[in-house]
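Here's the structure we're looking at; comments come further down.
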Amino acid sequence: MINNHTLGFPRIGLFRELKVAQEKYWSRKISKEELFSVGKTLRVRHWQQQKELGINYIPVGDFSWYDHVLGTSMLLGNIPKRHKNGNDLVTLDTLFRVARGVAPTGASVSASEMTKWFNTNYHYIVPEFSIKSEFCFSWRQILDEIDEALLLGHQVKPVILGPLTYLWLGKVKGKKFDRLNLLKEILPVYKYLLSEINDRNISWVQIDEPILTLELPEKWKNAFRFAYQSLYGYNSLLLTTYFGSVQHNFSLICELPIQGVHLDLVHGKYDLVFLNSFIPEKWLISLGIINGKNIWKADLVMWFKRLQLFSKLRHSLWIGTSCSLLHVPIDLKLENKISSEVRSWFSFALQKCQELTLLRDALNNSNTVTEDIRVWSQPIHSRKKSAIVHNVDVKERLKSITSNDFKRNNVFSVRKQKQHKNLKLPILPTTTIGSFPQTADIRKARFDFKKGNINHDQYNTFISKHIQNAILKQEKLGIDVLVHGEFERNDMVEYFGEHLNGFVFTEFGWVQSYGSRCVKPPIIIGDVSRSKPISLDWIKYAQTLTSKPVKGMLTGPVTILLWSFVREDLSKKIISRQIALALRDEVLDLEQSGVKIIQIDEPALREGLPLRLSLRNEYLSWAVDSFKLSSSGVCDETQIHTHMCYCEFNDIMNAIVLLDADVITIETSRSDMELLEFFKEFKYPNDIGPGVYDIHSPNIPSIEWIMTLLRQAMHYIPVKRLWVNPDCGLKTRTWDETYYSLENMVRAAKILRKKL
């Protein structure tokens, strides 16, 4: 008998209830108890929804107040000293101080670093390790939630992040040492947790070790053997992998004293005959056959045919999602503004639970394809011929691309001289990354415009006033290169998608990016093209308000691709080129209108990197080409900027050089300029702006702090190529936080200029 399960469920709530409650708590508008009540309501609802849709094993432990990696740090008592508020008591406010640098109680401090969760747009809080790190069971959240779910009568499957993946994701702070040395210290905490779970008579524990998709050093493989031998005997462990194939680590996995393994069949290509022969017969095999990272309906007929024989060969088989459903919206039923034809192609979290149940029942009860799964899968096949999907003009334009379309006219050194003459910027030029605060009145005006409560002219007048205000503030601050503030944009990807052909949009398709930050990714359903200019009028208007240069602000092709739900019938390379051609037209329109600086943001470049080293060069090749296709049509005098944030840059630095952007701005402040260590050996040839303060924390940086970071940067980057800027856009900050932070940033730059 086949069972089904999910690896995790979205936390935020259908209407972002968790986000609302978090932000009210942070601003002291509700109590901790009220926040806890919202969390419990969401958990109870989500467990019940999965149960009603036929899910056998309900995941518990997937809920988090900010991030599940941070939750693991809390459980282990791994809290940086600066966040402890003078004692060892681990509380909810401790968690928020680690994540944000500030909480309703305790002193404000620097937040812990944040970076991307493998190859997704979800961010986790990076664990910090030191030689003096100590661990003890300190956070009962998962046990309390298990008790909640058991009391409600659910068949519970606890979800915990495995010890090796936890250590891999962390960073050593201070004196360098091998963080694997901490494994013996954290295993007793895992043993205690597993014993507590065992006492509750729970049959299976999902222990996530996604680093098994990587090509691990031998010492890490040995650490797996040691760790899981130590954890043997407590519970039936379902070793869970996702985001890729682990076939290269099968020998290691099969050595481990575990009772089952979960494999991602969506993102890892496995031969089922090989699986059956290789994996021990007594083990449970869980097959991730429903895509947890994308919103397309599953071809259940295909999966039925593929799994039918395999299901009869295995004594114990589960089917599940490829990964946690954290990465997809909750319910498709609310999306009434999408045409019925297009909507029939999609499947959100609740619909994916339906898919698992339909397929489970068909495999358990039938030897042939059932009518239920045939009807479910039919729209997948009709979509292939839909006129909505295909555009002949786009296909023809792709064929006309030549090698010259990927090249600037001259090398950077020549361009820099022309740009200096054209722009006349001071040394250590100051700028921001693009967005300014999206206040409640801006969000209301956008909502009213979409609902028809105000007309186009009223909305444009409103946005124009905010742009004017932003320009005035920047001029008062003395910033050198200005931005228009992006007040007309709801999201850096969604906005461009709304103005390109080939996209559709949801009303309630929210997914968590980090903490309370949620995004509503566009869905790429067809060939992409641009019908008319997107950002031109707003940038032109902003430039009329000042004699200083105003940057044209665009989101890059790779980021639009990766931060959308992408179609699966076409390669990412081709889709990215389609987007790049549309953006190339936008870039040339901006240049023709007199815009001297154009920023094309690519924060997702690193995110798209395949987990396997052997596959990375191919991805980086087409990703770089897509950026260059969008940016290389301009003349030498036009300065191209790009921005990247919250990722590990070192392993893509060669690709960043190949982008050939005149200026790159990057996140470095949360890691105390740690990234710049790389520049000791690697001489980045173009201009660079390492972020000098963390915009994801409400803390206002001091002039001295910013000067310290800039002095550090000067050790690695020639001052003539150094820019001064925040880490990222300022959309989520208040105007007071923004103004005073930028004021200190500009003052720091001016003080240092005088000393040079």
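The backbone N, Cα and C atoms fix where each Cβ goes, glycine too.
Note that the structure is a prediction, hence the values are computed from the model and not measured.
Site annotation (Swiss-Prot): L-methionine is bound by Ile433, Gly434, Ser435, Asp601, and the candidate from Glu371, Glu486, Glu488, Glu494 recorded at this site is Glu486. Listed by Swiss-Prot as binding Zn(2+) are His643, Cys645, Glu667; the candidate from Cys635, Cys728 that the record includes in that site is Cys728. Cross-referencing Trp47, Trp139, Trp168, Trp563 with the 5-methyltetrahydropteroyltri-L-glutamate binding residues that Swiss-Prot gives (Arg16, Glu17, Leu18, Lys19, Lys116, Arg517, Cys518, Glu607) picks out Trp563. Reduced to three states, the DSSP call for Leu18 (5-methyltetrahydropteroyltri-L-glutamate binding site) is helix. Nearest in space to His643 (Zn(2+) binding site), taking C-alpha to C-alpha distance over the binding-site residues Leu18, Ile433, Gly434, Cys518, is Ile433.
Ranked by Cα separation from Arg16 (5-methyltetrahydropteroyltri-L-glutamate binding site), the recorded positions Ser435, Asp601, Glu667, His696 are led by His696. Within 10 Å of the Cα of Glu667 (Zn(2+) binding site), not one of the binding-site residues from the list Lys116, Gly434, Asp601 places its own Cα. Note on Cys645 (Zn(2+) binding site): other Cβ atoms within 10 Å of its Cβ, all shown chains, come to 25.
Long-range neighbours of Ser435 (L-homocysteine binding site) (same chain, six or more residues apart, CB within less than 8 Å of its CB): Val483, Gly485, Glu486, Arg489, Met492, Gly729, Leu730, Lys731. The Cβ neighbour count for His696 (active site, proton donor), using a 10 Å radius over every protein chain in view, is 23. Note: the L-homocysteine site is recorded as Ile433, Gly434, Ser435, Glu486, Asp601; in the same chain, Thr432, Val483, Met492, Met553, Gln599, His643, Cys728, Gly729, Lys731 also have Cβ atoms within 8 Å of that site's Cβ centroid. Candidate binding-site residues: Asp601, Glu607, Cys645. Nearest to His696 (active site, proton donor) by Cα distance: Cys645. Shown in sequence order, Val483, Asp601, His643, Thr665, Ile695, Asn725, Pro726, Asp727, Cys728, Gly729, Leu730 are the residues of the chain, 6+ apart in sequence, with a C-beta less than 8 angstroms from the C-beta of Ile433 (L-homocysteine binding site).
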